[in-house]
């Protein structure tokens, strides 16, 4: 049986990472393991920035956004020499297995380490919901709440000035943040990498909302990296009866106290990760699928096709 | 094909009922139906307090708690004469089918009406998560957020005064609110109708938290109608090193703007209800199961056993 | 004694405008007046878009952002013919006096109308706190809460990634939003039109925070229209150890349910405005000064010097 | 010039105490002082539970409710021997002066210590706004936000069920929380120790609201310790058309992240306290009066009459 495990957070942070760190630590300690925090992602693993986690060090973190372990990029981790150095750091401390919380880039590192003898389990920590094997990633629902709260605020002021609010949200590869926010806020138009961006069509629909449907304001939600929303807002002002205003929500979407859903999800996934490691299993990633906590081999997870967005897109349209 | 449907909310209100009303109305109108609001639950059906719902009448309601249709109790609805009167009111207006949002008491009425020739579909609108056929009811996640927000606040002050905060939450028949809140808030003890209430044992555990584990404060979450929490708080003060303080969250748990999860769930379920009615189906209730929107015959749904709470209870204990 | 008053909102909206509308309406009705809503600012006055306000029409608006009366610009209002047309619309309906909620641009219109025989009273409705005669404008504290909430979120994620978050807030002419947010959030650097923007100096201070003070992250708050924050973020990344990220909060600052302070301020000011009009007074604007609700002649108010920001700037520096 | 100061929090905690601790520490350190945290109020002073505060120990606390220094009661502090012991603990560490954050009970201790040679400055830390010399106490506005948020939630559900929500808030000696909340929430009735509690009259008014004014729901806000609100709710159900429901907000009112107003107030007052101590002044308490930060001799402050509540009570009535 293993005795010592490590945990790290990697890639962009997401609300709920701390709840996952807490769960891994508490479940680990209560199962008789020693638990080590590896700081600043794989970088800290290579540099040996590794310290024991205790009940005290994780006290009260369940309520807080960000990650107490920090996160950093380390592209060099794809080099075997770098990974070997990391493994030496782990072995020196007797750490036999590691939980990696992050996106699918982080999963690759976890898989490589497993191949080199350190069992690793990945947890999906990203607000974008862009890990195809899981129905929800840790942080997605909280980011959505930040977006919906912001759009509810914009609606107040938009409504008072006959405006079209254009809101850019995160999630380029996966439009779930935009699409869910669209349904939840009663937006008029949602643009994602799936829907494509037909500028002329959108301007036509906005004109229709203004002149035919007599709407007092309009809300457009658009995934990042699709168009320059500030330029587009100007075109809305020029070409429709609405006054266009763009808002780029940016990094506030990554912050904030995790919502109960994310705290629960992170706790369940953290528990599962420890259980897998104690069974001697590595190279897997944890997911919630059909409302059950499950795990998949990372190789398989990385190539899973994403679920069709068709039903949600249809719902959005039927709510218009 | 049907042409006119009605919608009502019944029983205790829950956040997201308005989002469901909006979804039924919009999907209905976009499918060529006329949609009627039946006010104050079955009472309004009997009294004929029924009015058309338009795009305007549901504008912006997606963000608001409560129900614009109101709710009221009508125990007499179990009498066939009363229901016959209700059906006459519907027929007079050409309403052929009805969506009923409420708890399982409301489902019984929906089933009776279906037997009498008015197809009804039930949607689970209650914060208690006590409808066994669905993994989540509309309003559960929002109520949880209200609870978690309150407990996070109590923690601040509890921590500053070496207190034991005893928090009574809703959900007598189903302990999900208490158990989820326990995991999400990092509570020390959770008491539900499943766990039972062994007062002496809890006092012992609190003494242990104070004297052995040296905790600065403690949080106990307890489902309603299990004990008098104010009396229990006094016993905590007398028998442990903590100063006990009870808080009964009460009806604030039913209010508030629905969280995105509940807005989405309500929207999907509203869509499903309209689709079922358009297919000529009645006597069913909509549920989310294994992350899919499904429906069950109400007779079957009412006798479904609830899922085991064991995994969650275990998780809670392993996080201690 | 006057019998009929009107109320309008003008310029950019601010949270609490609805609370002021409610106060003017309720205090007016309870004082035996009839109260009329003038929609879309001076534009609606000219076009005669004017309707009676009743207890029902203002029900529940105290909790909501934006303005139910709408707002619009009308530069032509400086032409006397346009104002004469407006006055005819008022006279036609027997409206003898008007409450104008808005910024100091709106005050000028109010003054002109007073000179032409319609007593007007101005209320300071703007989030920028840029009306010099009043210590607080209606909406300032709520906007501040939105900013502080956003910065608290950015801190989570900033902290996890060794970032410097650069946050652009509203208030170009008056740096209060930036300065108050700086104190309230524990920001490292605040840039306003008062402090000036010495790019090189700020980069030096950030390097110092990173290398000498070993801070894990930094927060810079900057008033709008001072520099291109996205460009500046790039320079931070290039020239300091922090990774720079810019966030432009934009219009979300204008929205949201008003905080109690703003609801109270709006209520007190609305009451004062009605009292002044009932005393036959016009051409004044209401202010809170030394924690008392007072009024000043608009001519005088428009040229009052602003209070020195020195004490707050000193406080900010002493908190570094 | 003094070199070492201490700081403690005493009595019930309030949001913003941490912001005051931060301000005293930072301003102190930046002025060349050493700053010591005295834990658990006067108790820790007597027991010598005193530790240096550094920039690190107060990092990020500005955003958090409660007090990192803890608080506890020590009635024995009125005995001179106990205070002498406390003073020995201070002298042993070279602490020459102390900032005391708390209610007026705490001020008495501060005054006694000053008489015995340790200059003390009091800061008003209590949510009740019951310190007559200051217009606002630290925590009052945040507590108000918690109340208003809860009442806004109750309104949703109250409205849906034709209910009368009776909400008990803190502040027995001073009705400001109830009165401000009444104005801010648009409550129908407010009961404080100033207004008195005429049960029959209130029941009459509620009947009038139901039957004459046709209100869909009613909200009554009542200060603590005036009546048993649960019993009163039953009488409302029996004697009016509304269904009465009582909610006791309790200790959640003391928690939560302080609002910007309280963070600023705490910061300004902390700065003032350090400045007074550096000038060799003790036996004073800091206040905000006429929107200026000032100080008064504690003897004088303790006997100041409270401001008349008449204007606010009138405003509340005119808004009905």
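Glycine is treated like the rest: Cβ placed from N, Cα and C.
Of the residues proposed, D:12, D:16, D:28, the one TrEMBL records at the same ATP site as D:73, D:74, D:103, D:104, D:105, D:106 is D:12.
With D:22, D:23, D:24, D:25, D:26, D:186, D:187, D:188, D:215, D:216, D:217 listed by TrEMBL as binding ADP, the candidate from D:155, D:245, D:254 annotated for that site turns out to be D:155. Between the two most distant C-alpha atoms of the annotated substrate binders (D:126, D:127, D:128, D:163, D:170, D:171, D:172, D:224, D:245, D:251, D:252, D:253, D:254) there are 32 Å. Sequence-distant neighbours of residue D:254 (substrate binding site) (same chain, 6+ apart, CB under 8 A from its CB) are D:12, D:13, D:14, D:15, D:65, D:127, D:139, D:143, D:170. Here the CA atom of residue D:126 (substrate binding site) lies 9 Å from the CA atom of residue D:104 (ATP binding site). Max Cα-Cα distance over the annotated ADP binders (D:22, D:23, D:24, D:25, D:26, D:155, D:186, D:187, D:188, D:215, D:216, D:217) is 52 Å.
Other residues of the same chain near the ATP site, with their Cβ within 8 Å of the Cβ centroid of D:12, D:73, D:74, D:103, D:104, D:105, D:106, are D:10, D:11, D:41, D:102, D:109. Checking the binding-site residues D:26, D:74, D:186 against chain C with a Cβ-Cβ cut-off under 8 Å leaves D:26, D:186, in sequence order.
In the structure as shown, the Cβ atom of residue D:22 (ADP binding site) sits within 10 Å of 27 other Cβ atoms. Proximity to chain B (Cβ-Cβ under 8 A) holds for D:245, D:254 out of the recorded positions D:128, D:186, D:245, D:254.
Within the model, the domain 'Phosphofructokinase' (D:4-277) shows a mean pLDDT value of 96, rounded to a whole number.
Sequence-distant contacts of residue D:252 (substrate binding site), defined by Cβ-Cβ distance under 8 angstroms and a gap of at least six in the same chain, are D:146, D:150. Here the binding-site residues are D:12, D:103, D:105, D:186, and the one ringed by the most other CB atoms within 10 angstroms is D:186.
Residue D:74 (ATP binding site) falls within neither a helix nor a strand when secondary structure is assigned with DSSP, and so counts as coil.
Around the Cβ of residue D:245 (substrate binding site), the same chain contributes D:158, D:163, D:164, D:165, D:166, D:233, each under 8 angstroms and 6 or more positions distant in sequence.
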